[in-house]
Structure formats: C-alpha cells, structure tokens
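Enquirer: Below are the structure tokens for one structure; questions will follow.
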Amino acid sequence: AVCVSLLGAANIPPQPLNLYQFKNMIQCAGTQLWVAYVNYGCYCGKGGSGTPVDQLDRCCQTHDHCYHNAKRFGKCNPYFKTYEYTCNKPNLTCRGAKGSCGRNVCDCDRAAAICFAAAPYNLSNFGINKKTHCK
C-alpha cells in the first residue's frame, strides 16, 4: 500500500528518496500531477483493501503487489531503495542489473507510472471513504 502514500504532504519529515523518484517518474510518464494519486480509490495512497474501483486503482493495487514481491528477494526494502533511471518524456528506462533490488523497485515504479498515464482519471474516485467503499 505504497502508491504515492508518503509524497508531498507539508510539515512531515523527509521521505524516502525512492518515493521522490516515483513522483518524478509519474511526472515523466504522464500529464496528471502526482498529488492526484495520493488518495485515489482503494489502493492509491496509504493502505489498500477490497476491490479496486477502476483501472487506475488497479494500477495502484498492482504496484502494491509488485513492492510486496520485491521485498521477498533478500533484504530489499522498496520504500528506501533508490535506483537509476532515465526520463525522456514520456519514456522511462530503468538502469542497473536485472534482478537486483534497485532494478526490481525501478521496474515496479516504471510500470505504475506508465499504467497511471494510460488509465482514465475519475475525479469522483479521489478521496472516497475507504471504510465504506473498499471492503
């Protein structure tokens, strides 16, 4: 349940660098501001449960699962692992050894950013009550 969950809020301690990298990937791949994904649907933002409300929310669910899988390999912490990538709008390229922690995390973020850019954004799914809609 990471999808942009810790990005950009005011008056909070500095956040893990890879979340800043994820924010930058989102900006590279699409036109929507990253903050639009912070509290969207059942899976974008902190936590995640229930059935995704739409295609965009499924992107966040997939990203959560991708991070979960990355953590299963060695001592990989996707929330703190930085990585190398290039952005040539709207193209993103992950660098580093395939199968490494950094590359796996980068691939998760890249796939999510591309998915976000391709999915329709439904404003009515922003800020929904997760307790009632995400069971």
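In case you wondered, yes, glycine gets a Cβ from its N, Cα and C as well.
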Enquirer: Among ASP54, ASP64, which residue does Swiss-Prot name as a further Ca(2+) binder in the site formed by TYR43, GLY45, GLY47?
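Expert: Ca(2+) site check in Swiss-Prot: besides TYR43, GLY45, GLY47, the record includes ASP64 out of ASP54, ASP64.
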Enquirer: With the disulphide bonds as Swiss-Prot has them, who is the partner of CYS108, out of CYS66, CYS76, CYS134?
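Expert: So the cysteine paired with CYS108 in Swiss-Prot is CYS66.
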Enquirer: Swiss-Prot pairs CYS106 with one of CYS87, CYS94, CYS115 in a disulfide bond, so which one is it?
Expert: CYS94
Enquirer: Pick out which of CYS60, CYS76, CYS87 Swiss-Prot lists as the disulfide partner of CYS28.
Expert: CYS87
Enquirer: CYS3, CYS42: which one closes the disulfide with CYS134 in Swiss-Prot?
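Expert: Looking through CYS3, CYS42, the record in Swiss-Prot gives CYS42 as the partner of CYS134.
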Enquirer: Candidates are CYS59, CYS60. Which one does Swiss-Prot pair with CYS44 through a disulfide bond?
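Expert: Looking through CYS59, CYS60, the record in Swiss-Prot gives CYS60 as the partner of CYS44.
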Enquirer: Going by Swiss-Prot, tell me which one of CYS59, CYS101 is disulfide-bonded to CYS76.
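Expert: When Swiss-Prot is consulted, CYS76 turns out to be bridged to CYS101.
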Enquirer: According to DSSP, collapsed to three classes, what secondary structure does CYS106 (disulfide bond) have?
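Expert: DSSP call for CYS106 (disulfide bond): helix.
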Enquirer: Whole-number Å only: compute the distance from the Cα of CYS66 (disulfide bond) to the Cα of GLY45 (Ca(2+) binding site).
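Expert: With distance taken Cα to Cα, GLY45 (Ca(2+) binding site) is 15 Å from CYS66 (disulfide bond).
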Enquirer: Using a 10 Å cut-off between Cα atoms, which of these disulfide-bonded residues sit near GLY45 (Ca(2+) binding site): CYS28, CYS60, CYS108, CYS134?
Expert: CYS60
